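Student: When I checked TrEMBL for this same protein, it listed these features:
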- 20-405: domain 'Major facilitator superfamily (MFS) profile' (DOMAIN)
- 21-44: transmembrane segment (TRANSMEM)
- 56-76: transmembrane segment (TRANSMEM)
- 88-106: transmembrane segment (TRANSMEM)
- 112-138: transmembrane segment (TRANSMEM)
- 150-169: transmembrane segment (TRANSMEM)
- 175-196: transmembrane segment (TRANSMEM)
- 228-249: transmembrane segment (TRANSMEM)
- 261-279: transmembrane segment (TRANSMEM)
- 291-310: transmembrane segment (TRANSMEM)
- 316-335: transmembrane segment (TRANSMEM)
- 356-375: transmembrane segment (TRANSMEM)
- 381-401: transmembrane segment (TRANSMEM)
Amino acid sequence: MPSDQYAVSAARQVEPRLLPVILALGATQVIGYGTLYYAFAILVPAVAREFAASTTTLYAVFSVGLLAGGLAAPQLGAWMDRHGAPRIMAAGSLVTAMLVAGLAAAPSLPVFAALVIAIEVVGVAVLYDAAFATLAFLGRAGARRAITHLTLIAGFASTLFWPLTGWAVEAVGWRATYGIFAALHLLVALPLHGWIATRPRHPGADGPAEATRLQAGAPLTGRAAREAFWSVAASFALTGVLTAALTVHLVPVLQALELGAAAYLVAMLMGPAQVLIRLVDALFWRGLHPLTVALVSAAALPAAILVLVLPVDPVAAGAAFAVLFGLGAGLSSIVRGSVPLALFGAAGYGARLGQLAAIRTMLGAGAPFLFAAGLEAFGATTALVAALLVGLAALLPLGLLHRRVVEGPRMAGAATTGPTE
């Protein structure tokens with residue numbers, strides 16, 4: 001896929017007809033991630049007290065749910081390709097609303113646990129991968145820019161729902177809070193997804209052949225596509241291991257550097273860094289191939305860890321770590337949707353996202369536990385060095401793929417054209 005062809009396509013602005021869809025999906029992603037992901041940590045203490053359970057047990061249930069969702073992702077992705085991602089999102093919102101309402105009325109811990117697991121499975125149909133597939137379904141050539149703009153909006157989910165959930169639990173209790181969440185899915189997300197499902201596809205986009213034509217350059221096929229898929233899968237999975245482990249243990253790691261209470265303030269830099277790098281991508285990196293952006297994302301994560309193991313001021317190291325980690329994590333949400341679309345085209349996009357999600361989830365599910373065990377058994381420095389090696393391993397397949405797909409055609413084109421006066 002010649003990189004100059006990609007630059008011409010990517011430099012186009014988001015199609016005006018996609019802007020209302022992006023705004024609608026932005027709202028539903030904020031609701032989805034806010035209620036199904038970020039709010040859980042705030043609700044856990046109150047739920048644990050009522051059911052006389054440990055918070056560890058509830059987090060274990062949540063982890064099982066995430067793993068189950070990852071395993072279900074390929075099938076859900078195939079349904080998106082077959083029936084249209086917008087329809088799957090609308091159906092997912094209805095089922096999610098019913099399940100979240102069930103949490104509000106759960107009579108026992110086993111029922112609550114079963115509902116949490118079911119929600120994380122159905123959640124695949126209403127979160128990022130489904131939204132990315134919807135944009136590819138509706139927008140085709142403009143999907144990459146649309147994905148970037150969508151992640152900019154969705155990045156506010158934690159900013160909104162961490163404090164709002166804390167306030168709601170204090171004001172009305174955890175059961176009523178889940179009732180409010182169910183209403184958001186039923187009365188806001190469902191109508192928006194239903195409206196999106198009525199939107200027409202890209203004019204003239206009648207199937208996979210048209211989807212292929214609208215991509216910048218021909219998508220990879222045959223052996224090249226298989227090799228590229230496994231390179232992307234390996235890199236994304238290893239990066240997922242790193243982000244899963246360090247996101248959970250961010251504050252404990254910073255505290256291990258003797259930052260004390262400053263660890264919380266330093267950790268707060270991560271969120272703004274994520275939003276900033278997504279804004280940079282939206283405004284200034286339009287002509288970059290998604291593999292180049294993915295390489296920046298993958299490089300930022302080991303760079304963040306390297307700062308921590310260097311003999312520098314702990315506060316400065318902690319701040320640099322939080323910013324670099326935020327940059328890498330912020331871009332990772334974009335490239336998990338844009339890279340498969342750029343490499344393989346829109347045909348079978350939903351199923352391919354599901355396959356990548358399954359691989360990423362299976363490897364990343366145990367990462368927080370293993371990193372915690374490493375911290376306890378060997379100390380922060382050894383655990384961070386191990387994480388650094390994982391990050392470097394994630395760079396290798398991505399770097400080789402970038403050289404083959406992006407740099408190779410560019411150098412071949414330069415050699416063919418020759419010097420000009």
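Glycine residues also receive a Cβ, built from the backbone N, Cα and C atoms like all the rest.
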Student: Quickly jot the same-chain residues contacting the transmembrane segment (56-76) by Cβ under 8 Å, restricted to those at least six beyond its ends, or write none.
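Tutor: Hits for the transmembrane segment (56-76): 40, 44, 47-48, 88, 109, 112-113, 116-121, 123-125, 129-130, 350-351, 353-355, 357-358, 360-362, 365, 368.
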Student: Test the contact criterion for the transmembrane segment (356-375) and the transmembrane segment (228-249): 3 or more CB pairs under 8 Å, pairs 6 or more apart in sequence, then answer yes or no.
Tutor: yes
Student: Establish whether the number of Cβ pairs under 8 Å between the transmembrane segment (316-335) and the transmembrane segment (228-249) reaches at least three, counting only pairs separated by 6 or more residues.
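Tutor: They do touch: at least three Cβ pairs between the two stretches lie under 8 Å.
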